[in-house]
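Engineer: The structure that follows is given in the form of structure tokens.
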């Protein structure tokens, strides 16, 4: 019997993703001037209004209100008719300084403690060349390509910034080998008066061939386009958006576990972010080293303590070695204190706004996607096995 698995994504113009991008743009602006900035920036967007809040300790001097407007403008919210645009929206800022009780246990060199307690997961598998699950990878491609069509071409000129996608993949009986794309759902905001038939035809004839491999598309594909029949009211005028509400979209689309912590607006002293990136780095290198076909890595931390309180590796029975031995290899090859993670993955570089739409993982420009440990893991595997 076939096995189906579904994941969703949302575009850069989705309200929650607007909030994520603003929060990360504020983080980037502080890191660009002060690498030691401590930032926890939260954003709310609603009809005609942006609210900024959170805690920041930094020597940087930035203008968060202008940063918010620039992000909104770059996404494409420039038309006042849709009731949310960069020039006319209100922006309220209530950012304030971080608690000294937290900073005394977090700041400081090699013994830098974790910014909070918590558990973080990383995942990798062989379904795509990015070593990511196929449903979330294809979902990201759909909304990313929609944004490209909207911003860079004259095709589908009726598109507005807000959109969502959902992809169901049919797998073979092993539940790991993709067979075909079973169902695609695309909901995209559009101008008034555009026939839904036209939008459906354009999604089928323009979007799908650009975004998805045609060898996985067949005549049995189930395609839903704007299933409600209309999507004119969207963006923050249609739904309020808040930082950190798309944590499954940000990660693996429901494959693997999630520790619950969001990423955007947080500097890398917050292990919610940095340790999740490190866990992905570990998992991807294990799979790329052909030590397993699937890897889920859990890291856990205590606030103010540098070393993780636990490390776990699960391969779902696909490992060439027992999971306990792979876990020992991880301990041997990867330093997982906050300071070591920050140094190895170059996490003080202001690149975070780029992560805030279309997924934090499976994108080769990010250092946590680099295969830096593959050869060392391969060399060490026979020694562990013996």
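Numbering starts at 1 and runs along the chain as it is shown here.
Here the Cβ of each residue, glycine as well, is placed from N, Cα and C on the backbone.
According to Swiss-Prot, the protein carries these features:
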BINDING   14, 162, 163, 164, 230, 231, 239, 245, 246, 262, 266  ATP binding site
BINDING   16  Mg(2+) binding site
BINDING   42  K(+) binding site
BINDING   55, 98, 239, 270  L-methionine binding site
REGION    98-108  region 'Flexible loop'
Engineer: Helix, strand or coil: which one is residue 163 (ATP binding site) in, per DSSP?
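Structural biologist: In the DSSP reduction, residue 163 (ATP binding site) maps to strand.
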Engineer: Do me a favour and check the Cα-Cα span between residue 14 (ATP binding site) and residue 270 (L-methionine binding site); whole Å is fine.
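Structural biologist: Distance (Cα to Cα, whole Å): 25 Å.
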Engineer: Would you mind listing, in sequence order, the residues at least six apart from residue 98 (L-methionine binding site) in the same chain with a Cβ closer than 8 Å to its Cβ?
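Structural biologist: Listed in sequence order: 38, 40, 55, 56, 57.
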Engineer: Any same-chain residues 6+ apart from residue 266 (ATP binding site) with CB under 8 Å of its CB? Would you list them in sequence order, or say none?
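Structural biologist: Looking at Cβ-Cβ distances below 8 Å from residue 266 (ATP binding site), excluding near sequence neighbours, one finds 27, 39, 40, 41, 272, 273.
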Engineer: Between the residue listed as 'Mg(2+) binding site' and residue 246 (ATP binding site), how far is it from one CA atom to the other, in Å?
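Structural biologist: For the residue listed as 'Mg(2+) binding site' versus residue 246 (ATP binding site), the Cα atoms are 7 Å apart.
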Engineer: Looking only at Cβ atoms, how many others are within 10 Å of the one on residue 246 (ATP binding site)?
Structural biologist: 25
Engineer: Which of these binding-site residues is closest to residue 270 (L-methionine binding site) if you go by CA atoms: 42, 239, 246?
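Structural biologist: In terms of Cα distance, residue 270 (L-methionine binding site) lies closest to 42.
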Engineer: For the L-methionine binding site, please report the maximum Cα-Cα distance among 55, 98, 239, 270 in Å.
Structural biologist: 30
Engineer: Would you find the one among the binding-site residues 230, 270 whose Cβ has the most company, meaning other Cβ atoms within 10 Å?
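Structural biologist: Of the binding-site residues 230, 270, the most buried by Cβ count within 10 Å is 270.
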Engineer: What is the separation, in Å, between the Cα atoms of residue 163 (ATP binding site) and the residue listed as 'K(+) binding site'?
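Structural biologist: Here the two Cα atoms lie 22 Å apart.
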Engineer: Quiz question: given the binding-site residues 16, 55, which has the greatest number of C-beta atoms lying within 10 angstroms of its own C-beta?
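Structural biologist: Of the binding-site residues 16, 55, the highest Cβ count within 10 Å belongs to 16.
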